[in-house]
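Okay, structure first, notes after.
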Amino acid sequence: MWRVRKRGYFGIWSFPLIIAAVCAQSVNDPSNMSLVKETVDRLLKGYDIRLRPDFGGPPVAVGMNIDIASIDMVSEVNMDYTLTMYFQQAWRDKRLSYNVIPLNLTLDNRVADQLWVPDTYFLNDKKSFVHGVTVKNRMIRLHPDGTVLYGLRITTTAACMMDLRRYPLDEQNCTLEIESYGYTTDDIEFYWRGDDNAVTGVTKIELPQFSIVDYKLITKKVVFSTGSYPRLSLSFKLKRNIGYFILQTYMPSILITILSWVSFWINYDASAARVALGITTVLTMTTINTHLRETLPKIPYVKAIDMYLMGCFVFVFMALLEYALVNYIFFGRGPQRQKKAAEKAANANNEKMRLDVNKMFYKDIKQNGTQYRSLWDPTGDLSPTRRTTNYDFSLYTMDPHENILLSTLEIKNEMATSEAVMGLGDPRSTMLAYDASSIQYRKAGLPRHSFGRNALERHVAQKKSRLRRRASQLKITIPDLTDVNAIDRWSRIFFPVVFSFFNIVYWLYYVN
C-alpha cells in the first residue's frame, strides 16, 4: 500500500520534469528545429516595430540592471569619467509571447533590429559605443510570457562636474543619468530591477586615485516643455586617495622649503652659494606649480593644493629675501652708517676742540676803558710760536701791569691756513686786536717760549686719542644694532616655527 502511494507521488512530481526534458530534446533535435523556426517566424510575422507594447493602454514598465565592469578613468581636466558596463533592460511585449515551446529563446543580436526596444539614452553622455568584437555585443532573449531581455556591453564617457576647491583632499559625486528620449511617462516607465541589487560590481572596482565610498540609486521624473519623462540615476561617491599627492607634490614641496633654510647656516659673505641655493629652490617650486596647473582645468577659484604650494613658494622666496636683507646690511647699510657716525663724531670733536682752543689761548680783558684780548696758557707751559710766523713790533709800550701795548703790527709773512697756531685753519689766529690801534699780547717778563707749542701738541694728541677711542667704540657698537648673524640665528627659528604652524592649520582645515 505504502509503496503504491510512494510511486504515485513520484509520478506526479516527475511528470513536469519529463515533459520539459522531452521538449528540450525535441527542441535540440534537428528534426524538431522547424518547430522553433516556425515559432520565431510567427512571432515576427506582422510585428510592427513602430508601435510600443500595449499601445494605447498603460505605460510600458521597463526594468533596468547594470553590472559595472570597470571605471577606466576619472579626469579632472575634462570633468568626466569613463565607465564600461553590461546594461540590461527588460519589459513585457505580449506580441512576443508563445506557449508551444516552454523554454527561453536566445536569438541573434540582429533580431534586435526587428523588435521594439526602448529609446533609452544617457543624459550626461559625451561619447559612447557598443563593443563590436568579435560581433556586436548585443543580446535578445525571449520568454514564453512575452518578457524581452535586451542586453548591451557599453563603454560611455559621462560628464561629471567636479568641485575642486578642496583638491586633492576632495570627494566627488559622479552620476549616470538614464532617460527616455521620446516617450513620456504616459507611454513608458523606468524602474530598477531588484531595487538596491539592481547595480552590481561596484565593490570590485579599484581606481588608482579614488575609492568608491558609496553609491545611490534614484528614480524620478523630470518635466520639460515637451512633457514629463522618466529618469534613473546612478550616483557614485568618490573619495580621492591622498597617497599619490603626498609622494608627488607635498613631500617635494616640504623638502624644497626646508632646503631653502640651509642658507641660514651658510656664512653671510658666501654670496654665490646663498644666492644660487635661493634661486634654485624658487625655480623648483615654480616648476612644480606649473606642472600641477597643466594637469588641472583652468578654474576661477583657488584649490587646496594651490594654497599649499603658494605657501611653500612664499617661504622659499622669503628665505631668498632674507639673504638680500643680510647682504644689504652687511655690505651696504652697515658701512654707510658707520661712516656717517664716524664723520659726525669727528665733526663734533673738531668743533669742541676749536672751542677749547679759543678758551685756552684768548682771554678778554678790559682795563682803563680799553678792551684787550690776551693770549695766555693756564698750564703755564709756554712755547715759542712757529718759526713760519715772523712779527715786527715797531712800536710798543708797557702798561702798569707790564703788558706790551702794540700800536702797529706788521705781519711780514702771511700765515697759511695750515700753519696757524692751532693748525685748524681759523683766521682768528692771525687777528690779535679788537681795535685798530692797540693789542694786549703777553707780559714782557715772560720768555719767548711762552707761546705754548708743547701744550698745543699735547692737547691735540689728547684729542686724537679720544677720537680714536670713540671711533673704536662706534666700530664695536654699530654692528650690534644690525647684526647679520643675529638675523640668521632668528631666521633658523622663525621660519621652521611659522612653517609648522602653517602645516597644522592647513591639514586641520582641509582634512576635517
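Yeah, the Cβs are placed from backbone N, Cα and C, and that goes for glycine too.
What Swiss-Prot records for this protein:
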type: SIGNAL; residues: 1-25; note: signal peptide
type: TOPO_DOM; residues: 26-244; note: topological domain 'Extracellular'
type: CARBOHYD; residues: Asn32; note: N-linked glycosylation site
type: CARBOHYD; residues: Asn104; note: N-linked glycosylation site
type: BINDING; residues: Tyr121, Ser180, Tyr181, Thr226; note: histamine binding site
type: DISULFID; residues: Cys160-Cys174; note: disulfide bond
type: CARBOHYD; residues: Asn173; note: N-linked glycosylation site
type: BINDING; residues: Tyr181, Thr226; note: 4-aminobutanoate binding site
type: TRANSMEM; residues: 245-266; note: transmembrane segment
type: TRANSMEM; residues: 270-292; note: transmembrane segment
type: TRANSMEM; residues: 304-326; note: transmembrane segment
type: TOPO_DOM; residues: 327-489; note: topological domain 'Cytoplasmic'
type: MOD_RES; residues: Tyr441; note: phosphotyrosine
type: TRANSMEM; residues: 490-511; note: transmembrane segment
Note = Not counting Tyr121, Ser180, Tyr181, Thr226, residues with a CB within 8 A of the CB centroid of the histamine site are Asp119, Glu179, Gly182, Tyr183, Tyr229
Query = List, in sequence order, the same-chain residues at least six positions removed whose CB sits under 8 Å from that of Asn173 (N-linked glycosylation site)?
reply = Cys160, Ser235, Phe236, Lys237, Leu238
Request  = Using a Cβ cut-off of under 8 Å, list the residues of the same chain at least 6 residues beyond the transmembrane segment (490-511) that approach it.
outcome  = 166, 169, 254, 257-258, 261, 264-265, 304, 307-308, 311, 315, 318-319, 322
Task = Check each residue in the chain of Ser180 (histamine binding site) that is at least six apart in sequence and keep those whose C-beta is under 8 Å from its C-beta; list them in sequence order.
result = Pro118, Asp119, Thr120, Tyr121, Ile188, Phe190, Tyr229, Pro230
Query = Among the disulfide-bonded residues listed here, Cys160, Cys174, which has the most company in the form of other Cβ atoms within 10 Å of its Cβ?
reply = Cys174
Inquiry  = Using the alpha carbons only, what distance in Å do you get between Tyr181 (histamine binding site) and Cys174 (disulfide bond) once rounded?
reply    = 21
Message = So if I measure Cβ to Cβ from Asn104 (N-linked glycosylation site) and keep only same-chain residues at least 6 apart in sequence, which ones fall under 8 Å?
response = Arg141, Leu142, His143, Pro144
Across the topological domain 'Cytoplasmic' (327-489), average pLDDT on the 0 to 100 scale = 54
Query = For the binding-site residues listed here, Tyr121, Tyr181, which shows the highest count of neighbouring CB atoms within 10 A?
reply = Tyr121
Key: Chain-internal residues, separated by at least six, CB under 8 A from Thr226 (histamine binding site)   = Thr184
